[in-house]
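Okay, structure first, notes after.
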Ligand SMILES: [Mn+2]
């Protein structure tokens, strides 16, 4: 049975196409530099938003019309696998991602949950034999069930720590079985609500113990995917320990975990932390820790995580600029951790949304590639920091200067002359490159 009978395979028709169910800029075969768009962008569909999310919010019930809603429990889980692979094929998307609870319902016992998972993983494995779509990453949901009310690895209750460990152990076995390229840790409830009842030191130590155990178990079973930490400052927990890249990096370094992890950076989590998306990508990149991306966008008028499909071309361009400078994402990809709005409830909206996101990142890729090729910002930055390539600047960089020497130098300086940062001129150049790519029709 077809779950999206009115949708044909989405083809690349070019920027002049009027067909809403076609790619205007994402052409998987097209080469940008030395790689194809498909190789650069490594798009992934998020199972939770696309096949589980029902459009409910704190004030209203679900709105989504979804053909698999006619079934319940395991039948619905099986229907979702069928629907998922139909959508993957029609979008020609190379990857997907899931949490354990997205693919199979939890049973009354952990054992029953495992059985449900095994049944669905068998089915996914069968589909993956003939599908080109691979698993970018999977993860364990350690935040929805009431047992995780006080956290998982940072819970005050050791039984919860053990239960969470069992779920991650199973998750790693599934990752190994399905050939996942990465495994993600997002600690939605790993944080605190009030310090009045919290042993922060023990919670952080326990989180590190938990992650070390995961590293050990992956090694034991021969899972060689990349481990990823996904920073987020808040929501659902008031203060989350993996606040942003810089905070989580300090945590990893403190506990000797930095060689085993990279970051999965989400645009909307960056903005919730008071940063831009490109700031978080840059911090990860310059430390060699950029692993993967949850591609979405927030709404600056709202203070929460809206997980919108990315359509802001400045954001996709500046993100791709960091990703290209990083030499790509390696095993990572651009996962659409994004959901259609509550009012976009028809099944075909899932296709419009993914097309919007894929085309937006394709434009971002092309613009970023040209900006780098033409050394638009690189040349300016090189010139701006030229004082560190000669004279006293060079001595500072090479470690040949100390405070005595710098004081001696400063005392004989006349008027210090700075140069303009030319921000507005550079933004105009960015606009020009964006317009050039979009107008190439
Ligand atoms: Mn989010």
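Cβ from N, Cα, C; glycine included.
Together with 266, 294, 337, the Mg(2+) 1 site in TrEMBL holds one more listed residue from 230, 373, 382, 383, which is 230. Using a 10 Å Cα-Cα cut-off around residue 266 (Mg(2+) 1 binding site), the recorded positions 99, 102, 307 reduce to 307. Measuring Cα to Cα from residue 294 (Mg(2+) 1 binding site), the recorded positions that fall within 10 Å are 269, out of 99, 102, 269, 305.
Between the CA atoms of residue 99 (active site) and residue 307 (Mg(2+) 2 binding site) there is a gap of 16 Å, rounded to the nearest whole number. The separation of residue 269 (Mg(2+) 2 binding site) from residue 230 (Mg(2+) 1 binding site), Cα to Cα, is 9 Å. Within the set of recorded positions 99, 102, 230, 305, 307, 305, 307 have a CB atom less than 6 Å from some atom of ligand 1. Looking at residue 337 (Mg(2+) 1 binding site) and residue 307 (Mg(2+) 2 binding site), their Cα atoms lie 6 Å from each other.
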